């Protein structure tokens, strides 16, 4: 039960900054004995005045450990809702270890991962979505993720879900009336009208789930495979995009026998996972064929495919192999002609969408295309919709959506079944809102947080 409400009356401490030598470190101390413990290790009386900064020396008997600044927060006006002190000390690891050893000696316990945020949740300073937003904000990799984290932290997304949950809860009441008083025709008519609103709820939830899945996809990185026949310049293109010598480049066909991966960030926002694949051709070489099979599997898992063609061989490139596979699989792909510097500018290259020279780093048109196409994956319609980034949130929203679909796909089912589906949807949304406590879920969420957070 939330780690037995986290041994509620323990006073905890942890380093809130990264554990490296630096100019300044911050050690957090929180709990009912925070001021009593800090007074045991300081050279002067630390008064219980909130929102004040006080200078003091940390001492061990008569030995001065450090000269520090103490930021004081008195319950309930603190992040955790408890008495809290943030010790701003000098940034040597020896110093922070000495201070934390003193805190431990005088009764404070080293905090578990996410324990400060968990106490904030238990003391109703934040809800689960806001707690998760703190974690997402720390690990945000792009503007989209950062913006979603800030909005979630403000409680904006929780309000959206609360509105949907209240609509479903109201429907539960109407269905229960219809079950208890089947003779009232007016109630039946009202219920029929209200079920039309359920369609709007489904559409709203579907948009939220779709946008959340897309943001998760973008945050993890859009997968782009570079495919083509041997010696088309795939490895040279990967190296040019990464601006480093990641893949081996030779004139010998079939040099790349396994996938080679690298990551770039476009516009400080779009994470692109690039995958260079083995050249695809008919081959009797058993080892090369393994690489070719892997290339096709990489295509299957990719969000976008760069089909690279050597412009020297454009007139004879084989449409029956790679091209046909991409069409059959309905993959989004772009035809890119490489080695533009080696061919006659008047060469008819009708199907080629972009021309580059990977060897000469002339790839600006391709980069522009990748930026535009990757952004298009995240459709920015309905910007006001909430976006959730964690798997547990998305899973619960999908469960609610699934149960709403069960009702709308069979509008003539018994009211008892309708009630069951509505309750499942309602409970899922209550879990998102942290109003229906699933203690195992709560422990799992905070377990993934940083120490000191």
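The backbone N, Cα and C atoms fix where each Cβ goes, glycine too.
Annotation source Swiss-Prot lists (6S)-5-formyl-5,6,7,8-tetrahydrofolate binding site at 28, 86, 125, 453, citing sequence analysis. Residue 28 ((6S)-5-formyl-5,6,7,8-tetrahydrofolate binding site) carries a strand DSSP state (E or B).
Taken from Swiss-Prot, the feature domain 'TrmE-type G' applies to 221-375.
Annotated K(+) binding site per Swiss-Prot: 231, 250, 252, 255, in sequence order, evidence recorded as sequence analysis.
Within 10 Å of the Cβ of residue 235 (Mg(2+) binding site) there are 23 other Cβ atoms, across all protein chains. Residues annotated as GTP binding site in Swiss-Prot: 231-236, 250-256, 276-279.
Per Swiss-Prot, Mg(2+) binding site is recorded for 235, 256, and the stated evidence type is sequence analysis. DSSP assigns residue 235 (Mg(2+) binding site) to a helix.
Rounded to a whole number, the distance between the Cα atoms of residue 235 (Mg(2+) binding site) and residue 125 ((6S)-5-formyl-5,6,7,8-tetrahydrofolate binding site) is 52 Å. Each of the binding-site residues 28, 86 was scored by the other Cβ atoms within 10 Å of its Cβ; the lowest score goes to 86. Separating the Cα atoms of residue 234 (GTP binding site) and residue 28 ((6S)-5-formyl-5,6,7,8-tetrahydrofolate binding site) is a whole-number distance of 51 Å. With respect to Cβ neighbours within 10 Å, the binding-site residues 125, 231, 234 differ, and 125 shows the lowest count. Taken residue by residue with DSSP, residue 86 ((6S)-5-formyl-5,6,7,8-tetrahydrofolate binding site) is part of a strand.
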